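S.K.: Sharing the feature lines straight out of Swiss-Prot:
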DISULFID  134-147  disulfide bond
MOD_RES   7  N-methylphenylalanine
TRANSMEM  7-27  transmembrane segment
């Protein structure tokens, strides 16, 4: 009788089935991880802009003169120090009223962010009293810590 050299067809089919089951579990979990990390990245991108807004308002610069961009600031106009497309996942916008109330938003773009985040928005909202709140239109599972839905 000859010694066996290799695997039988059934053994190979079992290995392929096991790999398929593991992939069916791992791929959705990885996609969820990516969506959560994108939310955290977006918030980390816009969170430092609060400091620039607060400094500008405390120097007496009107809220409507606080703009997005990296142009040098002047005595009457402040640029927050980032371009609208600073993060490849989406677009940043700053809209502050003269009262000091306003929003810093991050809008996820379709095609560059996870499909689970596409067109979702993270907003840092400032009241005229200087209180900041974070809101998100993301699924609660993907919303960064410190943000509400």
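Just so you know, the numbers here start at 1 and follow the chain as drawn.
Glycine is no exception: its Cβ is also placed from the backbone N, Cα and C atoms.
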S.K.: Write down the Cα-Cα distance for residue 147 (disulfide bond) and residue 7 (N-methylphenylalanine), rounded and given in Å.
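M.R.: If we compare the Cα positions of residue 7 (N-methylphenylalanine) and residue 147 (disulfide bond), the gap is 53 Å.
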S.K.: Using DSSP with the three-state reduction, classify residue 147 (disulfide bond) as helix, strand or coil.
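M.R.: Going by the DSSP assignment, residue 147 (disulfide bond) belongs to neither helix nor strand, so it counts as coil.
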S.K.: Long-range neighbours only, meaning 6 or more apart in sequence with Cβ under 8 Å: which ones does residue 147 (disulfide bond) have?
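M.R.: The list for residue 147 (disulfide bond) reads 39, 43, 122, 134, 135, 136, given in order along the sequence.
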